[in-house]
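K.L.:
Pasting in a structure now, in structure tokens, and then I'll have a few things to ask.
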């Protein structure tokens, strides 16, 4: 059984903010400097892992203290995850690396119900977190003999090319009229409880991208793993688990002709996937990561409603930004097309309740992380009308149960509440069980160990959305579209 170690990192902000610096993610004009200091809490029956199942970080953002809770994304890789590259003489070399003890995490900010986080802890902390509606990126500064990290906003990254970057999918390109008409209906709250679905994703890296990263396969692997971790986080609200099934790097040469005409390349890649890749490894959808510049400022393309189709369950994504978060948003967008989603602008005046969302035809600044109501409608209609079978089954992987750790703010196996302090009036710190008479110990719909009354406001509305309200049956504050 995998044991858990709870870790607290105190990040002290450096006395000054940097004005400009060159990072892996690009040139950044304004950033904060933080220094990790590791403080280890005593776990229960701890057996040291290289990467803990649950971690906690403290840092200051804009001078305010922030607590970041992280939990390992155990569904990131399939159990039979494989990596393939090619020798100089063209031989295919496939390995099945052990990825159970990996370094990719999801999480949230303490006391911020709308927060999210997607972090790699492989070599310092790298990724993003959303705090009070703002997206921040964090990455190591790579200074000698230093644990310094930079925290900054996406808008502070210098843009090399200000031309708008577009998705190549057009309104009626590979669309289905009956699907499109049905998707104009608003979903009822019951319909918006999306069923659990699983996508086993194959990612293929073309030879141009291999050369771009100086023939460094390890660097490409880390980049792809970070990318899929981010994609997985963005699809969680739709109850879709994205699992990386295989990674193939065309290290010797391209196995199709990669052309600047994106529609031609997509067709060739779809044919190759159907006739070659699917016969070697089972998976649900394949996307090609490429370094080529597509004509028309296009950075991505996919077949709409193509999921589970042998030829059409494919997409193209240009690795056009050094910031992996940006490329992850593009692939999230193209996967949305595979799942039946159209562009938000293509709704004939219908309000989508989102100014900048993932399915906007042009990538926004900063890149969007949310799906609009229109996208949710499209996805629901796709599930109803097409019922794609390949995404029904959960991917094979080792299901590990964490050993309970008090105070990590995640409920582990056998816990009814997160123990924390022995003085907690609702939760018994010795057993991690609720005290007699207690219904809950924490949560936005918990007050003095009892569930708040039904329809009590637990999260104030933002924009056009209604307030979120308690159900009276749980300590959780459900999104309005989950009620």
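Yeah, the Cβs are placed from backbone N, Cα and C, and that goes for glycine too.
Just so it is clear, the model here is predicted, and its values are computed rather than measured.
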K.L.:
In Swiss-Prot, 284, 390, 393 are given as binding Ca(2+), so which of 155, 158, 200 is in that site too?
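P.N.:
Given 284, 390, 393 bind Ca(2+) in Swiss-Prot, the matching entry from 155, 158, 200 is 200.
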K.L.:
In the structure shown, with every protein chain counted, which of the disulfide-bonded residues 354, 440, 449, 470 has the densest set of Cβ atoms within 10 angstroms of its Cβ?
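P.N.:
Within the set of disulfide-bonded residues, the most crowded position is 470.
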K.L.:
Would you mind reading off the Cα separation of residue 334 (active site) from residue 354 (disulfide bond), to the nearest angstrom?
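P.N.:
Between the alpha carbons of residue 334 (active site) and residue 354 (disulfide bond) there are 18 Å.
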K.L.:
Listing them in sequence order, which of the disulfide-bonded residues 308, 354, 357, 446, 458, 477 have their Cα within 10 Å of that of residue 470 (disulfide bond)?
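P.N.:
So the list reads 446, 458, 477.
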K.L.:
Taking the Cβ of residue 352 (disulfide bond) as the centre, count every other Cβ atom within 10 Å, in any protein chain shown.
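P.N.:
So the number of other Cβ atoms within 10 Å of residue 352 (disulfide bond) is 21.
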K.L.:
Across the domain 'Disintegrin' (403-483), what does the mean pLDDT come to, as a whole number?
P.N.:
71
K.L.:
Quick one: of 357, 374, 427, 440, which disulfide-bonded residues lie within 10 angstroms of residue 458 (disulfide bond), measuring between C-alpha atoms? Sequence order, please.
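P.N.:
Cα filter at 10 Å returns nothing.
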